[in-house]
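> Structure below; questions to follow.
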Amino acid sequence: MSRIRERWRPARLTCALLAVCFAFALAAAVPLLQRSASAQTEGRVPGNASGNVSDAEIWRQVRQGVAGSITIPDTKAAVLAQSEGDNWRSWRNGPIAVVGAVAFWVMFFVVLSFHNIRGPVRLSHGRSGRKVLRFSFIERFAHWLTAGSFVVLAITGVNMIYGRFLIMPIIGRDLFATLTQFGKYIHNYVAFAFMAGLVLIFFLWVRDNLWDRYDWGWIKKGGGLLFKTEHPPAAKFNFGQKTMFWAVIIGGTILSLTGLNLLFPFVFFDMQQMQWIQAIHGTVSQVVCMLMVAHIYIGTVGMEEAFTSMSTGYVDENWAKDHHKAWLEEIEAERAKDARTVPAGVPGAPAE
Amino acid sequence: MKAMGTAFAAIIVIAVGAAVVLNSVGVSSAERYASAAVRLN
């Protein structure tokens, strides 16, 4: 028995030594474990390399827009993440893109339905052959300056919102990127022609686009457009044209001011305000594009003789009698002393 | 149609003029936000 004990003595000593070491290790580890657990509950982790603040706290501050220290001139770069940009992106790719497209096509089908059901607005009594000058050279110049630049801005602008979904899958990333960059430059520079046109048409036509005594009668009869009844009298511009004029002036002014801020970013506004500026620019441009569908329709195939007023400047006297009777009466009153009319039978008109 | 043609020509002239002026006054992002130590190209 004693021999067996003697044989296992080293093993017992080893076990006892291990037990003592384990007890010491446990005694030393308990406070450490307690301190670590306490630190974690306060959001802190041990270690000197990455600081003693948890990653969650760091990223929370980043998401809240905390600014760091930088040495480059662009102070905005100090903010690593600007979370309001997520709201802007969802607004731009959501309501502006989706609702804008839906509204545009709804207007397109309304116009198409009008055309199919009501048909183009014809002259009540055919052409008289006598021409009346409706728009002077400078008026037509101002109109086409605004209209031409608007079409360019609309195409390049629509590409910025919808191009990556509609065009990029067809032509590929590289070509799309090149075209869009080129289109952005065109958008930036043609905008100045649009603003010039806007100022011109405002000063040329504002006096004729104020409310007058014919407007209420025009509204009550729906402009004579919905049903084939007698057209209500109007001065140079009827209420529908006045609505379009003020929509273009107000919408165009908003687009110009917001566009200038996008062209010269961060001069007056900070990052979040710039995102609002862009959202307003995109929304208003969609509204104006929608209105232009109706304007282009009624100015071309929707109304007989309407386009010639902006191409040659002259309209048939019967057209003026149908749509702008009060204005024609003013013209006739001045006819004796004003050489605005062209004798019947003269091909074209000396517009310029 | 001469008014339309003139207006379209004016659009091109104004756009080219704007490009020349804006590029010469140094308001691009690269020029505004660059310094001797930073190059944004």
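Numbers run from 1 along the shown chain.
For all residues, glycine too, the Cβ spot is worked out from N, Cα and C.
When I checked TrEMBL for this same protein, it listed these features:
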- A:1-27: signal peptide (SIGNAL)
- A:96-117: transmembrane segment (TRANSMEM)
- A:134-310: domain 'Cytochrome b561 bacterial/Ni-hydrogenase' (DOMAIN)
- A:141-165: transmembrane segment (TRANSMEM)
- A:185-206: transmembrane segment (TRANSMEM)
- A:244-264: transmembrane segment (TRANSMEM)
- A:276-298: transmembrane segment (TRANSMEM)
> Among A:141-165, A:185-206, A:244-264, A:276-298, point out the range having the most Cβ pairs under 8 angstroms from the transmembrane segment (A:96-117).
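It is A:276-298 that shares the most Cβ pairs under 8 Å with the transmembrane segment (A:96-117).
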> Is the transmembrane segment (A:185-206) close to the transmembrane segment (A:276-298), in the sense of at least 3 CB pairs under 8 angstroms with a sequence gap of 6 or more?
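Taking Cβ pairs at least 6 residues apart, the transmembrane segment (A:185-206) and the transmembrane segment (A:276-298) are not in contact, as fewer than 3 fall under 8 Å.
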> Residues of the same chain, at least six outside the transmembrane segment (A:141-165), with any C-beta under 8 angstroms of its C-beta?
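92, 96-97, 100-101, 135, 176, 179-180, 183-184, 186-187, 190-191, 193-194, 196-198, 200-201, 204, 248, 252, 282, 285, 288-289, 292, 310.
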